[in-house]
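Here's the structure, in structure tokens; my notes come after.
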Amino acid sequence: MKNNTTQSLLLLLLFFFFFFEISHSLSISSNAPLSDTEVRFIQRRQLLYYRDEFGDRGENVTVDPSLIFENPRLRSAYIALQAWKQAILSDPNNITVNWIGSNVCNYTGVFCSKALDNRKIRTVAGIDLNHADIAGYLPEELGLLTDLALFHVNSNRFCGTVPHKFKQLKLLFELDLSNNRFAGKFPTVVLHLPSLKFLDLRFNEFEGTVPKELFSKNLDAIFINHNRFRFELPENFGDSPVSVIVLANNHFHGCIPTSLVEMKNLNEIIFMNNGLNSCLPADIGRLKNVTVFDVSFNELVGPLPESVGGMVEVEQLNVAHNLLSGKIPASICQLPKLENFTYSYNFFTGEAPVCLRLSEFDDRRNCLPGRPAQRSSRQCSAFLSRPSVDCGSFGCGRSVVKPSPPIVALPPPPPPSPPLPPPVYSPPPSPPVFSPPPSPPVYSPPPPPSIHYSSPPPPPVHHSSPPPPSPEFEGPLPPVIGVSYASPPPPPFY
């Protein structure tokens, strides 16, 4: 009797579970906006398919035997796209309504081209579902699209994680997942994409650290702004060959690595609204090609280096909302292409007259005598009475391995005189090693209190260096894919 009761309870629980699952699926399949509860349900549902981090997640796609495909690769693409269609839970614009049948090259948002390794066959080379407002997740079967060069799904409602099987996309050139609801740790699968040049993860919910290997990849553009990443920039940051990197609105802290000045290809860099708390590298002026330089809304200290006057291509320069001090060098305000110089909300005490003749500048809330809208004398006195900053105390340079002291071999004893018994020689004592007296301790001022600001969105980014040419498409091209990265950053999605 007891066993029958237990079985009845189990059956009842299973009934309620499946009823809950079906009711949620039906409600989510409607065109109404997804609530936060439904988003969490989708994320849980996605995780149910994972057996472990590297396990398969199948969508049980059945291929109708009556369907005829041009080649096996398009058959694999059909499986991938049908699995994705099953994983889509809301498609208010009916983008995927024509994802039916074997002619996948006619699917909306799918673009075919001749295979690079066999020009006689067509294969799926690009997917562009930007601004489609689709909700769902990315199934593992997308790894079957092994000829894919472009994958653009920005401004949708995809959530969950990036499939591990993406590592099979060896030809993937551009990956744009921006302005969605992806979450979890940094998708390390992107480190295994050998052809990747453009990576856009901005406006998502990724969190944790960013692997330092990202900055060793041969990328041209990195957008990871507006996430929840929290880490210190690694020493190899300057090894990155990118022309554009945007890290704004995360939780980075610590140093701006001195290796930054070695980024010879860099055109645009935006660090705004993080927690960086060091000095600017003294030789920052070596960045001769930078047009946009934004380190606003951080906790940077010390002077504005004189070498900034060597950034001859800079057009937008923003160091506002920091703890910088000293005088603004005249050479900065004389930069030939400078259009906008913002240095408000710091503690600068002097600026060259030429700075006041710039077409656009902002010097408010400093300690500049004779200028309007400055800090109070009390604020300025309190800050400027602190000990001067020792920029070397932050240890922001690459670590240097000190070589071991050379081993000095003692000279061999002279040969003994024949008529005398050989004398016994004791090796001479080693010369005393002089230890210099310890240098006096360098006073490091206490770190400034954390300052939290309400940050505006980053300035529009204008990219100037196009990547290598994308593969040719036989069908209509998606709008502006990979040419100068002209798509504006998506708005925050809340």
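Positions of Cβ are set from backbone N, Cα and C atoms, glycine also.
Residues annotated as compositional bias 'Pro residues' in Swiss-Prot: 422-479.
Look at Swiss-Prot and you will find 404-494 tagged as region 'Contains the Ser-Pro(4) repeats'.
Predicted-model confidence for the repeat 'LRR 5' (219-240) is 97, expressed as mean pLDDT. The annotation repeat 'LRR 5' is assigned in Swiss-Prot to 219-240.
Long-range neighbours of the repeat 'LRR 6' (242-263) within the same chain, counting only residues 6 or more positions beyond its ends whose Cβ lies under 8 Å from a Cβ of the stretch, are 202, 219-236, 269-281, 283-284, 286-287, 294-295, 300, 394-398, 455, 458, 461, 463-465, 485, 489. If you look up Swiss-Prot, you'll see 242-263 marked as repeat 'LRR 6'.
Swiss-Prot lists 264-287 with the feature repeat 'LRR 7'.
Same-chain residues lying 6 or more positions outside the repeat 'LRR 8' (289-311) and placing a CB less than 8 Å from one of its CB atoms are 248, 256, 264-283, 317-329, 331-332, 334-335, 337, 342-343, 348, 389, 391, 447-448, 450-451, 453, 455, 458-459, 461-462, 464. For 289-311, the entry in Swiss-Prot reads repeat 'LRR 8'.
If you look up Swiss-Prot, you'll see 1-25 marked as signal peptide.
According to DSSP, the secondary structure content of the repeat 'LRR 8' (289-311) in residues is 5 helix, 6 strand, 12 coil.
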